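What Swiss-Prot says about this protein:
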type	residues	note
BINDING	Arg22, Asp23, Asp74, Asp76, Asp81	Ca(2+) 1 binding site
BINDING	Asp23, Asp28, Asp74, Lys75, Asp76	Ca(2+) 2 binding site
DOMAIN	1-105	domain 'C2'
Amino acid sequence: MLGHLVGLVKVRVVRGVNLAVRDLRSSDPYVIVRMGKQKLKTRVIKKTTNPEWNDELTLSIEDPAVPVRLEVYDKDTFIDDAMGNAELDIRPLVEVVKMKIEGVADNTVVKKVVPNRQNCLAEESTIYISEGKVKQDVVLRLRDVECGEIELQLQWVDIPGSKGV
């Protein structure tokens, strides 16, 4: 299987902002991150619509064209309530990785991705080099819900011995 991987993406689910209320005056939110058959989950943060997760989840990348999908839920005793979803295209991040940029100052911005009708970006997303790593800061507007945004930070990780991107 390792031969098919092109790299890893560390997805830091930083926080939720103004998430929907699904319980009495609040929610107990968590995020599921999916890519292809992979499914990862943050911890549940109790009684808040502005959770601070800072949970780091790692996705194995085989095909960068497959979008990363986020689903936000309110943890309940019986059935968890949906609190919105979003998709993220990681191809812009991979394009910067392919440039193999070296020797630049920390936090040098290499690319910006602007919000449009084809993506879930709430604001411009920057891809930059930090400590020799390619990173991307993202704020996603949740769909299929009245309100809410999720802040992420992505970081590309090369796999020694893989074919790379």
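The backbone N, Cα and C atoms fix where each Cβ goes, glycine too.
Taking the mean position of the Cβ atoms of Arg22, Asp23, Asp74, Asp76, Asp81 as the Ca(2+) 1 site, the remaining same-chain residues with a Cβ inside 8 Å of that point are Ser27, Asp28, Tyr73, Lys75, Asp80, Met83.
Per-residue pLDDT, averaged over the domain 'C2' (1-105), rounds to 94.
Scoring each of the binding-site residues (Asp23, Asp74) by how many neighbouring Cβ atoms lie within 10 Å, the top position goes to Asp74. Taking the centre of the Cβ atoms of Asp23, Asp28, Asp74, Lys75, Asp76 as the Ca(2+) 2 site, the nearby residues of that chain (Cβ within 8 Å, site residues left out) are Arg22, Ser27, Pro29, Val44, Tyr73, Asp80, Asp81. The C-beta environment of Arg22 (Ca(2+) 1 binding site), restricted to residues of the same chain at least 6 apart in sequence and closer than 8 Å, consists of Asp74, Asp76, Asp81, Met83. Of the listed binding-site residues Asp28, Asp76, Asp81, the Cβ environment within 10 Å is emptiest of other Cβ atoms at Asp76.
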